[in-house]
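Below is one structure, written out as structure tokens; the observations come after it.
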Amino acid sequence: AATAPRIPSTRLALHHFDMNYSLQLKDLWPSVRASLLCEQKYGALLNNFSSVGHVTQELELLSATDFISEAPRKVQRLQQGAAVEEAGRWESRSQDGSGEGRTVMHVDTMTQAEMSPPLRASFSSNIKCYTFPRGDITRFRPAWPDPLGLLSYYLMDAASLLPVLALNVQPGDFVLDLCAAPGGKTLAVLQTGVCGHLAANDVSVSRTKRLHQILRSYVPKEIRETVSITSYDGRDWGQLEGGTFHKVLVDVPCTTDRHSVMEEENNIFHKRRTKERQMLPMLQLQLLMAGILATKPGGEVVYSTCSLSPLQNEYVIE
């Protein structure tokens, strides 16, 4: 008897997302779906340890901009635009006789203004990442080395920097990157230049080898010596070094939505990985709990995924 043809994992993933995310995101899902199926855009994380000159100027000549330094200005423009729009609505209401509307608008605007400084502070780091404008799919050329062999920038998904920015590393902080490989976020933490000590862990020995390679390509030896790289099961970390770190990044294994709809290799929607995929929320919760236990009293934990799934995000936190 003929066997039924195997359905590609990418198609299984897209069908799963169509069934679930269409209910979650409703009218937004078609545009999000299109984005997932588009070619991935990379950002260029500048390497502050490299002595290659004129990198910034060359990137800017290509019309790339540092999205991190641009973000506060964009947020401010959005807030101002929203305030003007809301003021117009309240003006219309006040003309209809509801005079207290403008007072409430003033309170709302002040609340937004009071929230802005912490937002700006979270971006006040030495991390710089250049991206091309929206709709521009130009690719960055490969990074080039300085006389010591340290490369000028690291190409990564720019959104992967958001958890590091949220971590808001301060001078002297002891930082744990619990699921660190392949190493982009670890490298970004080091770019702040203020980390007191960094522990980079990943359960996969082969992936930690990749992490070692990245650090050798981008970070001088004296800085690498402040980083401890381990391959423990992250779920056990709270027992290994409990209450040790000021900041903990828990960037957990997940369905990696874009990879799942684009790549067959190592796809978690493969039939033989069904059980593993179903157990992801439990694994994520265990890793998050270990991260919390590893944090000093008053410390901070940032939890992140590469998935839109509420089961892997909000539900884990709640």
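Note that Cβ sites are derived from N, Cα and C of the backbone, with glycine treated the same way.
Predicted automatically and left uncurated, TrEMBL annotations should be read as such.
Pulled from TrEMBL, these are the features on record:
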| type | residues | note |
| --- | --- | --- |
| DOMAIN | 80-318 | domain 'SAM-dependent MTase RsmB/NOP-type' |
| BINDING | C179, A180, A181, P182, G183, G184, K185, D202, D233, D251 | S-adenosyl-L-methionine binding site |
| ACT_SITE | C306 | active site, nucleophile |
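Looking at C179, C306, the recorded positions in this record, the fewest other C-beta atoms within 10 angstroms of the C-beta turn up around C306. Remark: of the binding-site residues A181, G183, K185, D233, the most isolated position is D233 (fewest other Cβ atoms within 10 Å of its Cβ). Across the domain 'SAM-dependent MTase RsmB/NOP-type' (80-318), mean pLDDT in this model comes to 86. Within the set C179, A180, A181, P182, G183, G184, K185, D202, D233, D251 that the record links to S-adenosyl-L-methionine, no two Cα atoms are more than 20 Å apart, and one pair reaches that distance. Cα-Cα distance from the residue listed as 'active site, nucleophile' to C179 (S-adenosyl-L-methionine binding site): 13 Å (rounded to the nearest whole number).
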